[in-house]
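Asks: The following block contains the structure, expressed as C-alpha cells.
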Amino acid sequence: MLKLIGSLVLLASAAEVIASPLAESVAPSITLEKRASCTFSGSNGAAAAMASQKACSTIVLSNVAVPAGTTLDLSDLADGTTVIFEGETTWGYKEWSGPLLQISGKNIKVEGASGATLNPDGARWWDGQGGNGGKTKPKFFAAHGLTSSSSITNLHILNTPVQAVSINGCDGLTVTDMTIDDSAGDTQGGHNTDAFDIGSSSNIIISGAKVYNQDDCVAVNSGTGITFTGGLCSGGHGLSIGSVGGRSDNTVENVSFTNSQVTKSDNGLRIKASKGKTGTIKGITYSGITLSSIRKYGILIEQNYDGGDLKGDPTSGIPITDLTMENISGKGAVASSGHNIAIVCGSGACSNWTWKNVEVTGGQTYGSCENVPSVAQC
C-alpha cells in the first residue's frame, strides 16, 4: 500500500513538472489581447468614455452631449489610443473656467470624421469682454502633454467661449487641417478667442489650419521648434510671438510661420517682448506670408509691450535675435489709419536680422521706431 502511495506521489510531481511549461506559455496570450473599440453617444456618453479610457484602443464619440460644468476629460488614455469625433459634440451651459475638452497621452491620434463638429455654442457666453470680465467663460480644448508623435487631424471647432486650443507640455505633436470658426463673434461679442496658444512645447507642426476669430491666430508664448504652415488667419490679431516675459518659461526659439495668409485682422505679424522682463526670442522666421485688410499694424515688433502695444520706453531684457522676414506680400494691405511697420527695440537688443523682399504698404509710416537693425525697414 505504501509503495502504491509513493508511486502516486511521484506521478503527481511529474505531472506538475510537465504541466508547468504549458501554463507559462498560456500567460502571454492574455497580456497581448487587444483592447476593444468603443462607441459612446448621448448625454451619458462623456461619463462612459471617461470611465473606459484604459479599456478601449479606439474611442468613438458620436453625437455626445457633455453636461454643463463638465470637462470631457480624456487625459488618462492608454498609449496609442485613437479618439474619433462623429456628428456634433455639444456642451451644456455654465459659467466656469473649463476646459470643456482635455486630451493627453503618448502616441494619441485625435480625428474628426467627415462632417463632424465640436460645438460649445460660445455665443451663450459672449458679452464683448472675453476673459477681462463679465461672464466667467470656459476655455475650450486643453491639448496638454501630448507626446510621442501624437496627432490631431480634421477637427472642426465652432464658436468657442474664449480661447480655443491650448498646446502645453507637448512634444512631437502634429495638428493637421483644423478649422476654428468663431466668425459669428465678430457681431455677437466674441473676445479673447485665441485659436492656438502654445507654451512649453517642442517639435510642434500646425498645418493647413483655417482660423476665423477675434484674437491671436497663433500666439507662441514659450517653446522650441514650432512650425505653422499653409494656414489662413481671418478676423483676429495675426501671427504672434508672445507676449514673452513674466512667465515660468520665457524662451521662444526656432519658430517658423510659412506660406500662410493673414486677412481682416488688427495685425499681420507681431512679436511682443514684455517691458522690464527677461527671456529669449531667437530664430523666428516669417516667410511667404500674404497680408490683406490689416487694420492697425502690418508688422509690429516691440520690446515695450505692457498689457498693450507700444507702451513707453523699450527694455533690453528679452533680446530678439536671428529674426528672418522674407517674401512678405502686403502691397496696399494696411488701412490708411494704420501703420505699415512699427519696430521699437531696446538698446542693442535686436540683432542679426534678415529682411528680404518685404512689401507692406497702404498705411502710415510709424514715426517712433527705435534701435532698428540696419537691414530692416520701419
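These residue numbers are counts, starting from 1, taken along the chain as shown.
Note that Cβ sites are derived from N, Cα and C of the backbone, with glycine treated the same way.
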Asks: According to Swiss-Prot, which residue among Asn254, Asn352 is annotated as N-linked glycosylation site?
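Replies: Record says Asn254.
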Asks: Quick check on the repeat 'PbH1 2' (170-200): DSSP residue counts for helix, strand, coil, in that order please.
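Replies: Counts, helix then strand then coil: 4 helix, 11 strand, 16 coil.
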Asks: Nearest to His237 (active site) by Cα, among Asp215, Asn254, Asn327 (recorded positions)?
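Replies: Nearest in space to His237 (active site), counting only the recorded positions, is Asp215.
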Asks: Compute the C-alpha separation of Asn327 (N-linked glycosylation site) from Asn254 (N-linked glycosylation site), stating it in Å without decimals.
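Replies: Here the two Cα atoms lie 18 Å apart.
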Asks: List, by number or range, the same-chain residues at least 6 past the repeat 'PbH1 1' (147-169) whose CB is under 8 A from its CB atoms?
Replies: 79, 85, 98-99, 105-114, 116-126, 130-131, 137-141, 175-182, 184-185, 190-201, 204, 213, 215
